[in-house]
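Enquirer: Before we start, here is the structure in question, set down as structure tokens.
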Amino acid sequence: RRRPRSASSCGSRAVAAMAPHRAAPALPSAAILLLLLLPLASAGLSGYFGTKSRYEEVNPHLLRDPLSLGPAAGSRLPAACAPLQLRALLRHGTRYPTAGQIRRLGQLHTRLLRRPAAAACPAAADLAAWQMWYEESLDGRLAPQGRRDMEHLARRLAARFPALFAARRRLVLASSSKHRCLQSGAAFRDGLGPSLSLGSDEVEVEVNDSLMRFFDHCAKFVALVEDNDVAMCQVDAFKEGPEMRKVLEKVASALCLPVEELNADLVQVAFLTCSYELAIKNVTSPWCSLFSEEDAKVLEYLNDLKQYWKRGYGYDINSRSSCILFQDIFQHLDKAVEESKSSKPISSPLIVQVGHAETLQPLLALMGFFKDDEPLKANNYVRQTHRKFRSGRIVPYAANLVFVLYHCDQVKTSKEEYQVQMLLNEKPMLFHHSNETISTYEDLKDYYKDILENCHFKEECELSKINITAIDEL
């Protein structure tokens, strides 16, 4: 169990050590009002669920039509460019809560069931009457909505890049070993349907944890961040800080519970239950009624702090551990360029890999995306109101980062013959070096030359150069 920390005492030594920087019966009027307000409750909160956000939060047009390509449907490329290779890194689709989250929710729900009903606490009564339907056996598994997320994404990518997804093109499909990722990979394949018939046999989903769960294989990350309580010091300090205290007191009051019976983790579980019910069942849960939009912003920041310090810019090893994946992407792009230059067919025109938020976030940090001028800390919540690092906008369920390599004819120079586009959640990204959504492959490789040449997974992740005894003292 972690010791509480104040923001002022938090982690300066740790940072120095680890980071370089229908007709119905009549209802009473109060009940009618509640029913009218419930959809509004979830609508006001849904933008703040962080990594538990629905994919539709970043692409609202999909709520109307899940196969729509949306406003960014245009390729924005010269007509003389043809796609050679697509490399898609996907986060699995909508999932059920983990066993740990389900256990904590059960504890909180049981407390509400044991308390006598009080007229002053309608929220507590509503939640006591709520049916606890989550079982620990669901433990992070893919929900039916998650299958639909993947099937629809496959169909949209096929519609966006029809030449690459044409019949008989080879699809390489890989996944992390987690059940939700394997099922997401199978759902993506099924979404392409028999009409595309990618190869004569059904494409197998290959397990590749070395690329999709590189963080598990990085001893330095595991020791200094994953298993080191002090590394999450900013998160712990925010849990004890004034913003969370205010949310805690408000929720305790709404539930007629002594504030001492609640903590930040239990309040977060209540908030995330609101998010799960919306993402999995598309319903507004009575758990949502406990929170205002201002509360949701505080809880989103708590989620983002954890992502920042564990998967983002908080510690250098978070992103450096993704070198192995970054370099693999460019090795395949290199091979496609070589094959094209030799007039050979592209051996891997479609590479689709399914991982986690924890797969995508470090990679995007390695590439320098969504970096704020000031680090996210426990004591700068207000200053971070307009931060770039918002995990729900970057890695919601079914998040996807797509690299597309093009061969272009009618170009002025040979350098312009091979161009690259990156899409995050189906929207073109601006490259840092050009501030454009398209780059020559040569310029892109030049911009990331240092990472491609000098970031080696084995060396980055070695623990031998670190004084292990000092880790506990950080």
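Positions of Cβ are set from backbone N, Cα and C atoms, glycine also.
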Enquirer: Just choose from CYS256, CYS288 the cysteine that TrEMBL connects to CYS274 via a disulfide.
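Expert: Candidates were CYS256, CYS288; TrEMBL matches CYS274 with CYS288.
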Enquirer: Going by TrEMBL, tell me which one of CYS408, CYS455, CYS461 is disulfide-bonded to CYS81.
Expert: CYS408
Enquirer: Measuring Cα to Cα, tell me the gap between CYS408 (disulfide bond) and CYS274 (disulfide bond) in whole angstrom.
Expert: 48
Enquirer: Below 8 Å Cβ to Cβ and six or more residues apart, same chain only. Which residues does that give for CYS81 (disulfide bond)?
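Expert: Those within reach of CYS81 (disulfide bond), by Cβ under 8 Å and sequence separation of 6 or more, are TYR406, HIS407, CYS408, ASP409, GLN419.
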Enquirer: Among the disulfide-bonded residues CYS274, CYS288, CYS408, which residue has the fewest other Cβ atoms within 10 Å of its own Cβ?
Expert: CYS408
